[in-house]
């Protein structure tokens, strides 16, 4: 049973959210009926409650989504809330749908989107992975954080060729290394208020670390929001190069570390927006003419299922007319198709910018 204090918090938080003008998906789908059905449930292995799932959205009414999965079972136990949110966010991925098997497609079909370097400043493709046998952040113990970091750093130290590099634990990091990583925009800070509220930052900085290759074009974040974030990036618009590097890395790491995967939802992640392929392919792009016509920019982006963010990602402004534009859908399509949506959308944006 869920204890009285938790129930009290849930009831009070639910009332406040219902009375708020929040635009979050949590508010949209947490009806009284769903709330009453789920408020006394717990996940079988870790005993996560509805409060663990929704507390971030209850505290931050300006959330876009507002829920996280404290452990993998939460997606099943609290399916009545997760399923409609997943369907809404991922463009119609229904609860009867099954995410397709992993497919990187023909990696040689992607090219340089901006060979003359007029528009695209940088290109990045990332994916998230969770290690099998471990829950997500809110349920991890300090010992598990240490154990995971140990596994990750020893796995990554086996990478060779272009991917060869070094692992930098956040614990005991020197000021010099820290500054170097900040200058390269590699260092992640302790979670934002959305993650803090979801209880995702406990025992910080234990178990957190960063790996990057010698060329600084391949990066792994360990235990930031997800267990692993694998990131391939470089200056300019050569999506083909960035994509091939990521595929090589993921395939290599997958041989050494078992990842949590679900038949219906694909690869499992802490935030439901990242399920499925977990792929976010993005560019930093300067489109001054389109930027002056935000409605047009949003319209074209919407047609290709793209998300437009500020220069420094979510909840930020576009600095100097530079936008971060990425694929929004991560479920119900393959890895290749997710990147292709970004590819085609950006090609179209550049074409329109030229014509304006």
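In case you wondered, yes, glycine gets a Cβ from its N, Cα and C as well.
A sphere of 10 angstroms centred on the C-beta of residue 309 (ATP binding site) encloses 17 other C-beta atoms. Among the features that TrEMBL reports, ATP binding site is placed at 122-126, 185, 229, 280-284, 309-314.
Residues or ranges marked as domain 'Phosphagen kinase N-terminal' in TrEMBL: 6-91.
Within the model, the domain 'Phosphagen kinase C-terminal' (119-356) carries an average pLDDT of 93. The feature domain 'Phosphagen kinase C-terminal' is assigned by TrEMBL to 119-356.
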Checklist outcome for this item: Counting across all protein chains, other CB atoms within 10 angstroms of the CB of residue 122 (ATP binding site) number 17
Item to check | Those binding-site residues listed as 125, 282, and which of them has the most Cβ atoms within 10 Å of its own Cβ | outcome: 125
Checklist entry - Under DSSP, the domain 'Phosphagen kinase N-terminal' (6-91) has how many residues in helix, strand and coil? => result 51 helix, 2 strand, 33 coil
Checklist outcome for this item: A correct count of other C-beta atoms within 10 Å of the C-beta of residue 229 (ATP binding site) gives 22
